[in-house]
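Undergrad: Supplied in structure tokens, the structure appears directly below.
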Amino acid sequence: MVAITGRTGSAAFAARLRRRWALLLALLVLAQLLATAHGKREPRPTEGGALQVAPLAGAGEPAAPSSGRRLPQRFRDPALAEADALARIAANQPADLIVSFKVRKSDIKQQESQIANSLGLVAGDVATPAAAEPLRREARMRANEAVKLRVLSQRAARKGARLKRDFAMLPVALLSVNSSVALEALQSDPSVASIEPRIVFTIAGRGLRDLPPLGLPPERGFGGGAVDALGVDGGGGGRRRLLLEESLLMIGAPEAAAAGYTGKGCAVAVIDTGADYTQPDLGSCTEPGTPAATCRVSVARDFHLDGYDDGELDDNGHGTNVAAIVAQAATESQIIALDVFRWFDDSSGGPFFGADYADIVGAIDWVLEKKDELGVCVINLSLGSPCQEGDSVAGCPACPDRAIAQALASARAAGVLAAVASGNDGLSTGLSIPACAPAAVSVGAVYDAAVSSGLQWGDDPVTCTDPTNSKEQIACFSNSAGKLTVLAPGAANTGGGNEEDGTSQATPHVAATLAVLRAAFPTATMDATVEALATTGKPLTDPRNGVTKPLINMLQAANQMAEGASIPVGTVRINGGAQWTSSRIVALAIQAAGATQMCVASEAAAPCTAYEPYATSKVWQLPEGDGDKSVRVYFRNAVNETGEPAMATITLDSTPPVNAALTINGGVEFTSSPQVTLAISGTDTYPAGLQMCVANNNNTASGGCSPYEPFALSNNHTLPDGYGPKTVFLWLQDAAGNTASAQATITLLVPPNGSVVINGGAPWTNIRNVTLNITAGEGVTEVCVNASVGAATCVPRESGVEAYPWQLSGGDGEKSVFVYFRNAGNETGEPAMATITLDSTPPANANLTINSGAEWAAGTDVTLTISGTDNNPASLQMCVANNDTGSGGCSSYKPFETSKNHTLSPGYGPKTVFLWLRDAAGNTASAQATITLLVPPNGSVVINGGAPWTNIRNVTLNITAGEGVTEVCVNASVGAATCVPRESGVEAYPWQLSGGDGEKSVFVYFRNAGNETGEPAIATITLDSTPPVNANLTINGGAAFTLSPQVTLAIGGTDTYSAGLLMCVANNNNTGSGGCSPYVPFETSTNHTLPDGYGPKTVFLWLRDAAGNTASAEAQITLVFSNGSVVINGGADWTNIRNVTLNITAGEGITEACVSNTELEATACQFWVEPAARMPWQLSEGDGKKTVFVYFRNAGNVTSGPASDTITLDSTPPVNATLTINRGAAFTSSPQVTLAIGGTNNNSADLQMCVANNNTGSDDCSLYEPFAATKNHTLPAGAGPKTVFLWLQDAAGNTASAQATITLLVPPNGSVVINEGAPWTNIRNVTLNITAGEGITEVCVANAADCAAWEATPAEAYPWQLSEGDGKKTVFVYFRNAGNETSAPATATTTLDSTPPVNASLAINGGAEWAAGTDVNLTIGGSDTYPAGLRMCLSANQTAAGECKPYEAFLASKPWQLLAGEGERTVFLWLRDAAGNSAGASASIKLDTQAPSGVAVSINGNATETVSLDVSVAITASDFSGVARMCIKTAAGAPCSEGDFVSFISPAPVKLPAGALGARYVYVTLRDARGNTMSAPASDQITYNDPSVPSNVTVSVANANSNGWVTSSDVRIAVSGAGAASVTEICVREEDAPCTAFSPFVNPMPYILSPGPDGNRTLFVTLRAVAPPANSTLGGGNGLTLPLGLSVDLNPPTDTSISLSSGTGVVATPVLSLVVAAKDVSGVKGLCITAEPEATAALCDPWQEFNAIQSFTLPSSEGTSKVLAFFRDTNGHTSAGVAASVTIDTSKPKARRRDMDLKTTRSSSSVTLTWSKDGATDDISDVSGFFVLYRRYYTPNSCKSKGKRTRLVNAAIGAGGTVTATVKGLKPGRRYGFRVCAVDAAGNVGGGVTKHASTKSARGNKGNR
């Protein structure tokens, strides 16, 4: 296949790709900122689902002419198309195929990842759907392209598949395939979903004629010719016209519109025959989108891949009708009209109307590409094609892999739903294509009112007839099946000036409804939208198949979608529901039904005002500081109603754990076991969420370590394999993901271990001496081998002995070997053991016979009989061979058999077969048997080496005898009985054939040593002993002499076998018949060359037949010398002089020649000379024909001749040569003239002439032609006298000449241009550029057509004044030549426009005072007399109109970029019309894009120190728009969130952070009135020098338990560190608030926690180092405040529960599966379950580890019991007991027939059984359900009987206790047995009431029994 190097149309694709990337990058930047008519049925599919058919036309098909495209009939018939396509591909001719591809989610995900990586994106960059959708869309396109590339790049596919058209938005492509290899490659490729032909869809229904629209009889539906099927025009004739208002009322459209559901914002793409948008129903558009107030069609275009355009809005009317229905039903939806239909010209079937499959798919592809730009959310497809079964149409099954189905699936995934007509074929078992596509919303048709009865639908043949009809009746033509989606009015609808019927008209009602729903509820899923459509409306049942589907109701569907969306309720999750985060930047996952807007806030106090479009995800920044953080999301619906906010909480923890430490096995150095105990320590601010991870390597780091588990002080751990130092790595990770690490090392001594194998693992041995393969484990230093268990008796050996010899104990049987291993630490492990079976006894009684002991074998295939025994017969094997290989050499041992087929070795003679038996231990026994193999006798015979003929009876036979032949016998006839035997081996055997000519056969028989005789070998030869007869030879017809050695021989002769007759001709007789060569097939005539030399010559002839018999003949002729020849003047016919040259050629032997002008006797010739090749000669006097005679003489004085030649002498030239031009005219205005020619000659027939425009002379005139009295001639270019020269020439070359002269006047002409061709001027004075033609002497210029003022030809630049008044001006220029000829006027036109543009105006951003940035929008006004030529120039600097550049076409608005910086910015506008008149305007706006500058910050008036954390900060800055807001931070790098900015004041009070003494900083970020914010803060520093702040101190909980938990409200606070001794006072509180009182410090300091929930709590501890003055509790300074995190667990587990996993409370066994649950902040560790009702936690036993699922066994076997559960947390708190009631029921339900009241209701295919639930009872629990077992004829034996023929159906318990079960799929008229079974709450099955019933049959009902 070919590689996809780009999509079709590279320029368009590149532009589209640039637009996509621009959109994608813009959205990604935004995300970063936030983070920071029915067709012919299709061909039948093959078994594999792919179609093996080709397109309608192959490659090289010409582009469609304006009248359409020719399409042969065979391509419109699917079966013919399939056959034709296969033939084309088989002949390596191209065929078009539409191929769909399987693009998987993984393909798209891979592309998303690649795009994100290429752009350097991370997950947060595409958190919002707005940012993610362009990426996903591009990823889908790339995935489509990648899969296509992968398929088309396969080697086999490249051999004949070419990409003809790519549909980039779809997993579909149009391919051209020209080889079977490529087609097979496509069919077998797993990435190819389907292969389909490029068929033509017509909107003609089945059986409709493919003709242009014609009227049909009024009683027929589907009128209007071939155009209709899915939507047709019924016409008049008694049928009343049905108006669209009826159908709209049926679907609730007017009520929906009144409620505000209009479809505004959702456009519908109507893929059909186009749309006449001038129709009133479509808004009477003058062009798409115009007038904007009324026009409903925003786009209308022909959509054909070959560029065809029929030039009409809708050449059929079907699409207009469909579009009009959409427009009237969805009152504010726009229509996108795409015309995919055209007229095709078929010479065999006439014109027909259809749509190319590729055009339809291409249109869907285009819609998806343009959907965002045009707002498309729905597609209408009123077209389709039924499937085919044999020669009949049929409903299509689900068709998910079809190309158009893939297209609709892609559309649905992109948010575009497709309403598709179900089809008009009257089918009740399936839909058409593409309605069968899973993604399609398929639509059937109903009547919207009653019409005339007996209504027929369809044309020849009639599709169906509705005898009667009524409103809401399903039309009989409407295809139906269970997968149909909805019904809508389709018979009949008037719209767009057409009345039509069909599912075509039902479909736009649904498309409009979908558009209304999509517009009103844009965030709803596609499935939810379709569900609302399909679950509302009025249910209608199709009587043909019982399928019930709703008649749509627009208002009901909208109301259903609006229910629950009136006040939007939603949810928000932070970081996917995580409880913790270490980063302030989080991702919100948002869901809200019916929401259109949302507002996100971190605070609940103030109303949320920053609403934005609803999205399912958003990046958010939490407020500063660790702790619990809440996010609230408020939602609004379409009517601005706001509900309660959704809220989510997460804890921000950015502080990692501390004091991480790890020890192994208490800190020991060594361990002999990899199982070690780790001691772990570490603390965290939130200890409850602390987790730990332990690993044996450090390459994972904290993020790669797995698994993390709850923190524990101790942990069991396994070291890695191998001995030596082992390092264990510990990571502590708190709930927010902050980590700390530690590590510890220990040396591992591996426990000694190893393995042993006897004889490489063999299970058997036949000797006691074996080899042990011992493998010692790592660290093993010694091994010890023993024959029994016990290391004490074992003799050690050093380690490393891999092959260790050992002797097993005596006696056959199973033997074991034990090997012990010891390491360097003298540890001994468990022994390794190996076992082998000793068997030293070979097999016995081996015996072998061949063919039951026969002596001879006729063939190599024999049967062996084998016997033998062994101690272990199950493992006995045998091997059979044809030679004595020995038991070890026999190669193919197989399980022992008593009989075996065998093939002896080739060749005859005695054959011995050898047998070896071998047991499992390798012991062997052997036997052998012999048989003699006789090969069947055979051989061959050849006569005379294979010659086909012989002429004697005695021949030689070449006999070849086959193997084993002992005798041969030769006979002349068939039959060995009369044959005389001979011994074998005679290769050359003499034989005499039988008498008489003819075909002879020889039969040879062969016999072997066993006296067997085979079929004879036969050879044949033909005996011919008769020679040819009547041989004769004649030379040159019997002539006595010849001048030439080349003669012709006439040959005669006959033979008995003429077909094989040959002849040989020779010039001598010494060869004889045998020596003559070559012999050639006999011919009656042949050419022959006599031998050299003059004199008598004899020719000899031999005839030879196929058998070699010969006959001969001969003939004589005398060869005399040859004459000569003469040629005059090289063979010329004419000469004009007497002196000529003779070319004389003398024959062989010629010595003299004699020339004469007269013929005479040779002896009378007197002038004999030596012959010469060139000889001058003078002809006789007088013109006329002259002959020269030449005689020849040889050395013997013998004369011959004469040779002669003739030439005509003509010495008289032509006479009376004359020439006139144009009958003697003196002038001509045309170079085309007529010549009159005169002249005569003696031989007028040979007279020629030559005409030239210059005097070349007669010899150089190049083009002589036969003489003619007149001739057309072209004079040379240029005006002036022209002379023409004539030469006449006769055949002898004599010439005569003449000449004539005429003056050529060029016709007057010229041209004029005004102002060098400028189309406009703004002044009357212009310059004419006049160009006069050749010969022009005068011109005349005027502003009108009349001209009188002639003047000499002017200069090129001629000043001229146009006539007065603006408008189009024309200048006329006439030209005259010297002959006073006047030309037609040359004209030039320009438009005079002296009026400048008016009303020039300019506004920036609508006249706003301020610009938000340099990018602004200009509003431009102005008008001109000629608006089409109006242009404008914009500048940031004031310039003259002529200096402004560039000028561009006038626009009413234009984006503009102001000069950067800040200040007032002015934009200047010049308007200039086409004539150059100009008018100007300007506008100004204030710009401030720069943040405040010159910012200075001063703390406490530039003080260097402060003893108070409360300071005053003075801020100064400059800014054009003024400083408006500020953000003050006291931590470096702390970001300013939007809520941190407050109104600007200076000075500003600031609270410095508490803590240790030292430097404090203030960071100020300013924002001006225009929102420009400083990119970096300004800062100032001051030193905090409060003597009350202690240094180097930390606080901790002194009485926390070993797990870090505080389990008592009495908390002891310990202060440690170098500065702890300086602390004198302490203040403790549970809120981060100022201290109100200090207490004297005691270490540790007691504090009583206030009541509150368990979990993480924080104490704020303030330490002060100096005592306060007596008059103030706070006068001693601020002190140091430190937070102290506590993990508090004061309470037992809560939310405890216990229940049965079945949920019913009833079980059939005392073994229970219990579900237990409890919660505790420290974790639930222990659980105790008991059946003692009075048990307490203290008495409960045993306690076990907590698991959610527990198994428990009750002591009682039946009845109700109570189960208690107690829970214990990590810190030992135990909960109160929680109970569950359990009933054990082991008894089966019971039922009685009279109480159940079992009844049946029957049809031909089902039986419905009903009974009373109360008829079944249970002793302990209630009856909870029923099922029915049934089978043919008999009732099932019991409720457990579930044989192959027994089936089960579940029953439903209804209101009032009536139980129903329906058994379907039964055969008519058959008897069935039923058993009703009851099931109790414990699952026990019982009951078993039986019943017989028979289904109804066609001939009546059978009764029940």
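Heads up, the Cβ atoms here are built off N, Cα and C, so glycines get one too.
Automated prediction, rather than curation, is the source of TrEMBL annotations.
Predicted, not measured: the structure shown is a model, and the values here were computed from it.
According to TrEMBL, the protein carries these features:
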type	residues	note
ACT_SITE	D272	active site, charge relay system
ACT_SITE	H318	active site, charge relay system
ACT_SITE	S504	active site, charge relay system
COMPBIAS	54-68	compositional bias 'Low complexity'
DOMAIN	1792-1900	domain 'Fibronectin type-III'
REGION	39-71	region 'Disordered'
SIGNAL	1-39	signal peptide
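Tell me about the setting of these features in this model.
TA: The Cβ of D272 (active site, charge relay system) has 32 neighbouring Cβ atoms from other residues within 10 Å, across all protein chains displayed.
Here the Cβ of H318 (active site, charge relay system) has 34 other Cβ atoms within 10 Å, regardless of which shown protein chain they belong to.
All protein chains included, S504 (active site, charge relay system) registers 34 other Cβ atoms within 10 Å of its own Cβ.
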Undergrad: Quick one: pull the CA-CA distance for H318 (active site, charge relay system) versus S504 (active site, charge relay system), whole Å only.
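TA: Each residue's Cα considered, H318 (active site, charge relay system) and S504 (active site, charge relay system) end up 9 Å apart.
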Undergrad: How big is the gap, in Å, between the Cα of S504 (active site, charge relay system) and that of D272 (active site, charge relay system), rounded to a whole number?
TA: 10
Undergrad: Could you tell me the mean pLDDT over the domain 'Fibronectin type-III' (1792-1900), as a whole number?
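TA: Summarising the domain 'Fibronectin type-III' (1792-1900) by its mean pLDDT gives 87.
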